[in-house]
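Peer 1: I grabbed these lines from Swiss-Prot:
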BINDING   Q162, K334, R363, S364, K385  (2R)-2-phosphoglycerate binding site
ACT_SITE  E204  active site, proton donor
BINDING   D241, E282, D309  Mg(2+) binding site
ACT_SITE  K334  active site, proton acceptor
Amino acid sequence: MPIIEQVGAREILDSRGNPTVEVEVALIDGTFARAAVPSGASTGEHEAVELRDGGDRYGGKGVKKAVEAVLDEIGPAVIGLNADDQRLVDQALVDLDGTPDKSRLGGNSILGVSLAVAKAASESAELPLFRYIGGPNAHILPVPMMNILNGGAHADTGVDIQEFMVAPIGAPSFSEALRWGAEVYHALKAVLKKAGLSTGLGDEGGFAPDVASTTAALDLISQAIEAAGFKPGVDVALALDAAANEFHADGSYTFEGTPRTAAQMTEFYAGLLGSYPLVSIEDPLYENDWDGWAALTAEIGDRVQIVGDDVFVTNPERLEEGIDRGVANALLVKVNQIGTLTETLDAVALAHHSGYRTMISHRSGETEDTIIADLAVAVGSGQIKTGAPARSERVAKYNQLLRIEEALGDAARYAGDLAFPRFVADPK
(Lines of atoms letter the chains of each structure in order from A and count residues from 1; the text may use other names and numbers.)
(Lines give C-alpha, C1' and ligand atoms only; values in the text may rest on other atoms or scores of the structure.)
Protein backbone atom coordinates (compact mmCIF):
# COMPACT_ATOMS: atom_id res chain seq x y z
CA MET A 1 0.00 0.00 0.00
CA PRO A 2 1.32 3.50 -0.86
CA ILE A 3 0.98 4.92 2.65
CA ILE A 4 1.79 8.60 3.19
CA GLU A 5 4.88 8.83 5.41
CA GLN A 6 6.04 12.46 5.22
CA VAL A 7 4.58 15.81 4.13
CA GLY A 8 6.71 18.92 3.65
CA ALA A 9 6.08 22.42 2.33
CA ARG A 10 7.90 25.60 1.39
CA GLU A 11 7.30 29.08 0.04
CA ILE A 12 8.36 29.53 -3.60
CA LEU A 13 7.72 32.20 -6.24
CA ASP A 14 5.20 32.07 -9.06
CA SER A 15 5.58 33.57 -12.55
CA ARG A 16 4.56 37.05 -11.36
CA GLY A 17 7.13 37.10 -8.57
CA ASN A 18 4.57 36.46 -5.85
CA PRO A 19 4.92 33.75 -3.22
CA THR A 20 3.03 30.48 -3.53
CA VAL A 21 3.01 27.09 -1.83
CA GLU A 22 4.97 24.02 -2.87
CA VAL A 23 4.21 20.71 -1.14
CA GLU A 24 6.27 17.51 -1.05
CA VAL A 25 4.86 14.09 -0.18
CA ALA A 26 6.89 10.94 0.53
CA LEU A 27 5.34 7.47 0.70
CA ILE A 28 6.43 4.54 2.81
CA ASP A 29 7.63 2.72 -0.33
CA GLY A 30 10.15 5.49 -1.01
CA THR A 31 8.10 7.27 -3.66
CA PHE A 32 8.37 11.08 -3.64
CA ALA A 33 6.49 13.85 -5.45
CA ARG A 34 5.96 17.59 -5.25
CA ALA A 35 3.26 19.99 -6.43
CA ALA A 36 3.17 23.78 -6.73
CA VAL A 37 0.01 25.86 -6.46
CA PRO A 38 -0.97 28.57 -9.00
CA SER A 39 -2.72 31.87 -8.26
CA GLY A 40 -5.06 34.09 -10.28
CA ALA A 41 -5.14 37.82 -11.03
CA SER A 42 -8.84 38.14 -11.86
CA THR A 43 -10.52 35.94 -9.27
CA GLY A 44 -14.15 35.10 -8.60
CA GLU A 45 -15.60 35.93 -5.19
CA HIS A 46 -16.78 32.34 -4.77
CA GLU A 47 -13.33 30.74 -5.14
CA ALA A 48 -11.56 28.82 -2.40
CA VAL A 49 -9.73 31.35 -0.24
CA GLU A 50 -5.94 31.58 -0.37
CA LEU A 51 -4.19 31.89 2.97
CA ARG A 52 -1.83 34.89 2.78
CA ASP A 53 0.27 36.43 5.53
CA GLY A 54 -0.56 40.13 5.27
CA GLY A 55 1.89 42.67 6.67
CA ASP A 56 4.85 44.21 4.84
CA ARG A 57 6.65 41.09 3.69
CA TYR A 58 6.12 40.49 -0.05
CA GLY A 59 3.50 43.24 0.05
CA GLY A 60 1.31 41.09 2.28
CA LYS A 61 1.31 38.18 -0.18
CA GLY A 62 3.62 35.85 1.70
CA VAL A 63 2.42 32.29 2.32
CA LYS A 64 4.33 31.36 5.47
CA LYS A 65 1.00 30.80 7.25
CA ALA A 66 -0.08 28.39 4.53
CA VAL A 67 3.23 26.53 4.78
CA GLU A 68 2.82 26.31 8.55
CA ALA A 69 -0.72 24.97 8.05
CA VAL A 70 0.70 22.15 5.95
CA LEU A 71 3.52 21.35 8.36
CA ASP A 72 1.62 21.70 11.64
CA GLU A 73 -1.91 20.51 10.85
CA ILE A 74 -2.59 19.17 7.35
CA GLY A 75 0.48 16.94 7.08
CA PRO A 76 -0.04 15.15 10.39
CA ALA A 77 -3.70 14.57 9.46
CA VAL A 78 -2.89 12.71 6.23
CA ILE A 79 0.21 10.80 7.33
CA GLY A 80 -0.78 7.15 7.50
CA LEU A 81 -3.50 7.45 4.86
CA ASN A 82 -3.43 5.47 1.63
CA ALA A 83 -2.25 7.79 -1.15
CA ASP A 84 -4.12 5.92 -3.87
CA ASP A 85 -7.45 6.61 -2.15
CA GLN A 86 -7.60 10.20 -3.43
CA ARG A 87 -11.23 10.73 -2.45
CA LEU A 88 -10.55 9.65 1.13
CA VAL A 89 -7.50 11.91 1.38
CA ASP A 90 -9.30 14.91 -0.08
CA GLN A 91 -12.33 14.40 2.16
CA ALA A 92 -10.00 14.35 5.15
CA LEU A 93 -8.59 17.70 3.99
CA VAL A 94 -12.04 19.23 3.54
CA ASP A 95 -13.23 17.96 6.94
CA LEU A 96 -10.08 19.18 8.65
CA ASP A 97 -10.58 22.70 7.31
CA GLY A 98 -14.27 22.73 8.21
CA THR A 99 -15.26 25.83 6.21
CA PRO A 100 -17.20 26.02 2.93
CA ASP A 101 -14.48 28.07 1.22
CA LYS A 102 -11.37 26.49 2.79
CA SER A 103 -10.59 29.78 4.50
CA ARG A 104 -9.31 28.33 7.78
CA LEU A 105 -6.35 26.37 6.41
CA GLY A 106 -6.27 27.97 2.96
CA GLY A 107 -7.21 26.60 -0.43
CA ASN A 108 -3.58 27.00 -1.48
CA SER A 109 -2.22 24.77 1.30
CA ILE A 110 -4.98 22.17 0.89
CA LEU A 111 -4.57 21.99 -2.89
CA GLY A 112 -0.82 21.57 -2.66
CA VAL A 113 -1.26 18.49 -0.50
CA SER A 114 -4.07 17.08 -2.67
CA LEU A 115 -2.04 17.36 -5.88
CA ALA A 116 1.21 16.11 -4.35
CA VAL A 117 -0.58 13.03 -3.01
CA ALA A 118 -1.98 12.25 -6.48
CA LYS A 119 1.45 12.63 -8.06
CA ALA A 120 3.06 10.40 -5.45
CA ALA A 121 0.38 7.75 -5.90
CA SER A 122 0.89 7.74 -9.67
CA GLU A 123 4.64 7.35 -9.19
CA SER A 124 4.07 4.49 -6.77
CA ALA A 125 1.76 2.79 -9.27
CA GLU A 126 4.39 3.33 -12.00
CA LEU A 127 1.79 5.01 -14.18
CA PRO A 128 1.93 8.34 -16.04
CA LEU A 129 -0.17 10.89 -14.16
CA PHE A 130 -2.70 11.23 -16.99
CA ARG A 131 -3.18 7.45 -16.99
CA TYR A 132 -3.39 7.21 -13.20
CA ILE A 133 -6.12 9.87 -13.04
CA GLY A 134 -7.93 9.07 -16.28
CA GLY A 135 -7.69 5.31 -16.61
CA PRO A 136 -6.94 3.13 -19.65
CA ASN A 137 -9.04 5.11 -22.15
CA ALA A 138 -7.40 8.51 -21.63
CA HIS A 139 -6.12 9.40 -25.11
CA ILE A 140 -7.62 12.73 -26.27
CA LEU A 141 -5.12 15.57 -26.73
CA PRO A 142 -6.68 19.00 -26.17
CA VAL A 143 -6.89 21.99 -28.48
CA PRO A 144 -4.43 24.58 -27.12
CA MET A 145 -6.33 27.84 -26.54
CA MET A 146 -3.39 30.20 -26.86
CA ASN A 147 -3.75 33.61 -25.29
CA ILE A 148 -1.62 35.57 -27.74
CA LEU A 149 -2.97 39.06 -26.99
CA ASN A 150 -3.44 40.09 -23.36
CA GLY A 151 -5.71 42.80 -21.99
CA GLY A 152 -7.80 43.43 -18.88
CA ALA A 153 -6.18 42.46 -15.57
CA HIS A 154 -3.37 40.65 -17.43
CA ALA A 155 -1.93 43.79 -19.04
CA ASP A 156 -1.46 47.48 -18.31
CA THR A 157 -3.39 48.73 -21.36
CA GLY A 158 -6.82 50.11 -22.18
CA VAL A 159 -8.08 46.86 -23.73
CA ASP A 160 -11.10 45.63 -21.74
CA ILE A 161 -11.24 42.04 -23.01
CA GLN A 162 -8.75 40.07 -20.92
CA GLU A 163 -7.71 37.34 -23.36
CA PHE A 164 -7.68 37.03 -27.14
CA MET A 165 -6.94 33.42 -28.02
CA VAL A 166 -6.23 31.37 -31.12
CA ALA A 167 -7.42 27.77 -31.39
CA PRO A 168 -5.74 25.60 -34.07
CA ILE A 169 -8.87 23.53 -34.73
CA GLY A 170 -7.81 22.27 -38.16
CA ALA A 171 -4.49 20.72 -37.14
CA PRO A 172 -4.09 16.95 -37.52
CA SER A 173 -2.29 16.46 -34.19
CA PHE A 174 -1.42 18.29 -30.99
CA SER A 175 2.19 18.74 -32.06
CA GLU A 176 1.08 20.37 -35.29
CA ALA A 177 -1.47 22.49 -33.43
CA LEU A 178 1.30 23.75 -31.19
CA ARG A 179 3.41 24.61 -34.23
CA TRP A 180 0.52 26.42 -35.91
CA GLY A 181 -0.19 28.44 -32.78
CA ALA A 182 3.47 29.35 -32.34
CA GLU A 183 3.72 30.47 -35.97
CA VAL A 184 0.64 32.67 -35.59
CA TYR A 185 2.13 34.10 -32.38
CA HIS A 186 5.33 35.10 -34.17
CA ALA A 187 3.36 36.45 -37.12
CA LEU A 188 1.35 38.62 -34.72
CA LYS A 189 4.56 40.16 -33.41
CA ALA A 190 5.45 41.20 -36.96
CA VAL A 191 1.93 42.55 -37.56
CA LEU A 192 2.09 44.61 -34.36
CA LYS A 193 5.53 45.99 -35.21
CA LYS A 194 4.34 47.01 -38.66
CA ALA A 195 1.38 48.81 -37.09
CA GLY A 196 3.67 50.66 -34.67
CA LEU A 197 2.23 48.86 -31.64
CA SER A 198 4.01 47.52 -28.57
CA THR A 199 5.24 43.94 -28.52
CA GLY A 200 5.68 43.87 -24.76
CA LEU A 201 4.22 40.84 -23.00
CA GLY A 202 1.41 40.45 -20.49
CA ASP A 203 1.19 38.05 -17.54
CA GLU A 204 0.41 35.03 -19.72
CA GLY A 205 3.01 35.57 -22.43
CA GLY A 206 0.73 37.22 -24.97
CA PHE A 207 1.47 40.59 -26.50
CA ALA A 208 -0.06 43.58 -24.72
CA PRO A 209 -0.52 46.39 -27.27
CA ASP A 210 -2.78 49.32 -26.46
CA VAL A 211 -5.25 48.83 -29.30
CA ALA A 212 -8.37 50.91 -29.80
CA SER A 213 -11.07 48.26 -29.48
CA THR A 214 -11.99 44.59 -29.34
CA THR A 215 -12.56 44.50 -33.08
CA ALA A 216 -9.19 46.13 -33.73
CA ALA A 217 -7.51 43.38 -31.70
CA LEU A 218 -9.44 40.66 -33.54
CA ASP A 219 -8.49 42.22 -36.88
CA LEU A 220 -4.80 42.18 -35.95
CA ILE A 221 -4.97 38.51 -34.94
CA SER A 222 -6.87 37.62 -38.12
CA GLN A 223 -4.11 39.30 -40.12
CA ALA A 224 -1.53 37.26 -38.22
CA ILE A 225 -3.35 34.00 -38.94
CA GLU A 226 -3.35 34.77 -42.66
CA ALA A 227 0.25 36.01 -42.58
CA ALA A 228 1.27 32.67 -41.07
CA GLY A 229 -0.35 30.90 -44.00
CA PHE A 230 -3.53 29.69 -42.32
CA LYS A 231 -7.23 30.27 -42.96
CA PRO A 232 -9.20 31.91 -40.13
CA GLY A 233 -12.07 29.72 -38.97
CA VAL A 234 -10.90 26.65 -40.86
CA ASP A 235 -7.32 26.14 -39.70
CA VAL A 236 -7.23 28.51 -36.75
CA ALA A 237 -10.25 29.94 -34.94
CA LEU A 238 -10.57 32.74 -32.37
CA ALA A 239 -11.72 32.77 -28.75
CA LEU A 240 -12.20 35.38 -26.03
CA ASP A 241 -12.10 35.63 -22.26
CA ALA A 242 -13.98 38.82 -21.46
CA ALA A 243 -13.49 38.50 -17.67
CA ALA A 244 -16.51 40.78 -17.35
CA ASN A 245 -16.18 41.04 -13.56
CA GLU A 246 -13.31 43.43 -14.23
CA PHE A 247 -15.48 46.02 -16.04
CA HIS A 248 -18.71 45.54 -14.09
CA ALA A 249 -19.77 47.80 -11.22
CA ASP A 250 -23.08 48.84 -9.68
CA GLY A 251 -25.17 46.81 -12.10
CA SER A 252 -23.54 48.22 -15.24
CA TYR A 253 -20.79 47.16 -17.64
CA THR A 254 -18.41 50.01 -18.52
CA PHE A 255 -17.02 48.57 -21.73
CA GLU A 256 -14.87 50.48 -24.20
CA GLY A 257 -15.80 53.71 -22.46
CA THR A 258 -19.58 53.20 -22.59
CA PRO A 259 -21.95 52.00 -19.83
CA ARG A 260 -23.89 48.97 -21.06
CA THR A 261 -26.55 46.59 -19.80
CA ALA A 262 -26.28 42.81 -19.95
CA ALA A 263 -28.60 42.85 -22.96
CA GLN A 264 -26.36 45.36 -24.74
CA MET A 265 -23.29 43.24 -24.00
CA THR A 266 -25.11 40.23 -25.43
CA GLU A 267 -25.88 42.23 -28.56
CA PHE A 268 -22.20 43.18 -28.82
CA TYR A 269 -21.06 39.55 -28.61
CA ALA A 270 -23.70 38.48 -31.13
CA GLY A 271 -22.32 41.07 -33.53
CA LEU A 272 -18.82 39.64 -33.15
CA LEU A 273 -20.11 36.18 -34.06
CA GLY A 274 -21.33 37.53 -37.37
CA SER A 275 -17.93 39.01 -38.23
CA TYR A 276 -15.26 36.73 -36.75
CA PRO A 277 -14.73 32.94 -36.46
CA LEU A 278 -15.21 32.78 -32.70
CA VAL A 279 -15.51 29.31 -31.18
CA SER A 280 -15.62 30.30 -27.51
CA ILE A 281 -16.44 33.26 -25.25
CA GLU A 282 -15.56 33.02 -21.56
CA ASP A 283 -17.10 35.04 -18.73
CA PRO A 284 -19.03 37.42 -21.00
CA LEU A 285 -21.00 38.77 -18.01
CA TYR A 286 -20.63 39.43 -14.26
CA GLU A 287 -20.42 36.31 -12.08
CA ASN A 288 -23.64 36.98 -10.12
CA ASP A 289 -25.73 38.14 -13.10
CA TRP A 290 -27.57 34.81 -13.40
CA ASP A 291 -30.48 36.27 -15.37
CA GLY A 292 -28.16 38.01 -17.81
CA TRP A 293 -26.16 34.82 -18.28
CA ALA A 294 -29.30 32.78 -18.95
CA ALA A 295 -30.57 35.31 -21.49
CA LEU A 296 -27.19 35.45 -23.23
CA THR A 297 -26.98 31.65 -23.38
CA ALA A 298 -30.47 31.45 -24.86
CA GLU A 299 -29.58 34.12 -27.43
CA ILE A 300 -26.20 32.92 -28.73
CA GLY A 301 -25.47 29.61 -27.01
CA ASP A 302 -26.42 27.60 -30.08
CA ARG A 303 -23.68 29.32 -32.10
CA VAL A 304 -20.71 29.52 -29.77
CA GLN A 305 -19.25 27.90 -26.69
CA ILE A 306 -20.03 30.03 -23.63
CA VAL A 307 -17.61 29.23 -20.83
CA GLY A 308 -18.31 29.82 -17.16
CA ASP A 309 -15.24 30.64 -15.09
CA ASP A 310 -15.96 33.11 -12.28
CA VAL A 311 -19.65 32.23 -12.39
CA PHE A 312 -18.92 28.55 -11.59
CA VAL A 313 -15.42 28.61 -9.99
CA THR A 314 -15.03 24.86 -10.63
CA ASN A 315 -17.56 24.30 -7.84
CA PRO A 316 -20.06 21.46 -8.39
CA GLU A 317 -22.75 23.28 -6.40
CA ARG A 318 -22.39 26.51 -8.41
CA LEU A 319 -22.28 24.51 -11.62
CA GLU A 320 -25.43 22.58 -10.73
CA GLU A 321 -27.27 25.84 -10.11
CA GLY A 322 -26.03 27.17 -13.46
CA ILE A 323 -27.19 24.06 -15.28
CA ASP A 324 -30.64 24.37 -13.69
CA ARG A 325 -30.81 28.04 -14.76
CA GLY A 326 -29.62 27.40 -18.33
CA VAL A 327 -26.39 29.32 -17.81
CA ALA A 328 -23.44 28.77 -20.20
CA ASN A 329 -22.67 25.52 -21.99
CA ALA A 330 -19.09 24.90 -20.87
CA LEU A 331 -17.07 24.89 -17.65
CA LEU A 332 -13.62 26.38 -17.16
CA VAL A 333 -11.66 24.10 -14.84
CA LYS A 334 -9.11 25.61 -12.43
CA VAL A 335 -7.95 23.29 -9.68
CA ASN A 336 -7.16 26.12 -7.26
CA GLN A 337 -10.67 27.56 -7.47
CA ILE A 338 -12.12 24.60 -5.56
CA GLY A 339 -9.01 23.36 -3.75
CA THR A 340 -8.84 19.56 -4.16
CA LEU A 341 -8.36 17.19 -7.08
CA THR A 342 -11.45 15.16 -6.15
CA GLU A 343 -13.76 18.17 -6.17
CA THR A 344 -12.26 19.22 -9.51
CA LEU A 345 -12.97 15.79 -11.00
CA ASP A 346 -16.51 15.91 -9.59
CA ALA A 347 -17.12 19.25 -11.32
CA VAL A 348 -15.80 17.89 -14.62
CA ALA A 349 -17.96 14.77 -14.35
CA LEU A 350 -21.08 16.85 -13.62
CA ALA A 351 -20.34 19.09 -16.60
CA HIS A 352 -19.83 16.20 -19.02
CA HIS A 353 -22.88 14.31 -17.79
CA SER A 354 -24.96 17.47 -18.29
CA GLY A 355 -23.78 18.04 -21.86
CA TYR A 356 -21.37 20.84 -20.96
CA ARG A 357 -17.89 21.02 -22.48
CA THR A 358 -14.85 21.59 -20.28
CA MET A 359 -11.66 23.61 -20.72
CA ILE A 360 -8.76 22.95 -18.36
CA SER A 361 -7.03 26.19 -17.37
CA HIS A 362 -3.89 27.63 -15.83
CA ARG A 363 -3.82 30.83 -13.75
CA SER A 364 -1.98 34.06 -14.51
CA GLY A 365 0.36 33.36 -11.59
CA GLU A 366 1.80 30.00 -12.65
CA THR A 367 4.71 27.73 -11.82
CA GLU A 368 6.66 25.06 -13.67
CA ASP A 369 4.18 22.42 -12.43
CA THR A 370 2.55 20.60 -15.37
CA ILE A 371 -0.31 18.72 -13.71
CA ILE A 372 -3.01 20.51 -15.71
CA ALA A 373 -1.59 19.04 -18.93
CA ASP A 374 -2.05 15.54 -17.55
CA LEU A 375 -5.47 16.49 -16.18
CA ALA A 376 -6.67 17.68 -19.60
CA VAL A 377 -5.85 14.30 -21.15
CA ALA A 378 -7.09 12.35 -18.12
CA VAL A 379 -10.62 13.78 -18.28
CA GLY A 380 -10.80 14.07 -22.08
CA SER A 381 -11.71 17.75 -21.94
CA GLY A 382 -10.51 18.42 -25.49
CA GLN A 383 -9.46 21.97 -24.59
CA ILE A 384 -6.66 23.52 -22.53
CA LYS A 385 -5.92 27.15 -21.81
CA THR A 386 -2.38 27.73 -20.63
CA GLY A 387 -1.20 30.96 -22.22
CA ALA A 388 0.91 31.94 -25.17
CA PRO A 389 3.67 29.72 -26.60
CA ALA A 390 6.13 31.83 -24.60
CA ARG A 391 7.43 32.02 -21.01
CA SER A 392 8.59 28.75 -19.53
CA GLU A 393 5.75 28.40 -17.01
CA ARG A 394 3.31 28.34 -19.97
CA VAL A 395 5.42 26.32 -22.39
CA ALA A 396 6.05 23.67 -19.70
CA LYS A 397 2.42 22.55 -20.03
CA TYR A 398 2.57 22.43 -23.82
CA ASN A 399 5.81 20.45 -23.69
CA GLN A 400 4.24 17.96 -21.29
CA LEU A 401 1.39 17.46 -23.76
CA LEU A 402 3.95 16.76 -26.48
CA ARG A 403 5.44 14.06 -24.26
CA ILE A 404 2.01 12.58 -23.58
CA GLU A 405 1.17 12.53 -27.29
CA GLU A 406 4.46 10.77 -28.00
CA ALA A 407 3.85 8.24 -25.21
CA LEU A 408 0.36 7.45 -26.54
CA GLY A 409 1.69 6.87 -30.04
CA ASP A 410 -0.95 5.70 -32.50
CA ALA A 411 -3.60 5.77 -29.76
CA ALA A 412 -3.37 9.57 -29.46
CA ARG A 413 -6.26 11.56 -30.91
CA TYR A 414 -6.29 15.35 -31.27
CA ALA A 415 -9.67 16.90 -30.40
CA GLY A 416 -9.54 19.52 -33.17
CA ASP A 417 -12.80 21.04 -34.36
CA LEU A 418 -14.79 18.26 -32.66
CA ALA A 419 -14.11 20.10 -29.40
CA PHE A 420 -16.44 22.88 -30.59
CA PRO A 421 -19.60 21.26 -32.00
CA ARG A 422 -21.56 24.53 -32.02
CA PHE A 423 -19.09 26.33 -34.25
CA VAL A 424 -19.80 26.75 -37.96
CA ALA A 425 -16.78 27.97 -39.92
CA ASP A 426 -18.86 29.89 -42.45
CA PRO A 427 -22.26 30.86 -40.97
CA LYS A 428 -23.23 32.44 -44.27
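Note: Cβ is positioned from N, Cα and C throughout, glycine not excepted.
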Peer 1: For D241 (Mg(2+) binding site), find which of the recorded positions Q162, E204, K334, R363, S364 come within 10 Å, Cα to Cα.
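Peer 2: The recorded positions close to D241 (Mg(2+) binding site) (Cα within 10 Å), listed in sequence order, are Q162.
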Peer 1: Of all the binding-site residues given, K334, R363, K385, which residue's CB has the most CB neighbours within 10 A?
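Peer 2: Within the set of binding-site residues, the most crowded position is K385.
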Peer 1: Compare all C-alpha positions of Q162, K334, R363, S364, K385, the record's (2R)-2-phosphoglycerate binders, and send over the largest distance in angstrom.
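Peer 2: For the residues that bind (2R)-2-phosphoglycerate, the greatest Cα distance is 17 Å.
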Peer 1: Taking only the recorded positions E204, E282, D309, which one has a CA atom nearest to the CA atom of R363 ((2R)-2-phosphoglycerate binding site)?
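Peer 2: Of all the candidates listed, E204 is nearest in space.
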Peer 1: 10 Å Cβ neighbour count around D241 (Mg(2+) binding site)?
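Peer 2: D241 (Mg(2+) binding site) is surrounded by 28 other Cβ atoms within 10 Å.
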Peer 1: Measuring CB to CB from E282 (Mg(2+) binding site), give everything in the same chain under 8 Å that is also at least six residues away in sequence.
Peer 2: E163, A239, L240, D241, A242, A243, I306, V307, G308, D309, L332, M359
Peer 1: How long is the line from the C-alpha of K334 ((2R)-2-phosphoglycerate binding site) to the C-alpha of the residue listed as 'active site, proton donor', rounded to the nearest angstrom?
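Peer 2: One finds 15 Å between the Cα atoms of these residues.
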Peer 1: Please give me the CB contact count at 10 A for D309 (Mg(2+) binding site), counting all chains in the structure.
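Peer 2: Its Cβ has 30 other Cβ atoms within 10 Å.
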Peer 1: Any idea what DSSP makes of K385 ((2R)-2-phosphoglycerate binding site), helix, strand or coil?
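Peer 2: Where K385 ((2R)-2-phosphoglycerate binding site) sits, the three-state DSSP reduction gives strand.
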Peer 1: Just name the most isolated of the binding-site residues Q162, S364, going by other Cβ atoms within 10 Å of its Cβ.
Peer 2: S364
Peer 1: For E204 (active site, proton donor), what is the tally of other C-beta atoms lying within 10 angstroms of its C-beta?
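Peer 2: Summing over all protein chains shown, E204 (active site, proton donor) has 30 other Cβ atoms within 10 Å.
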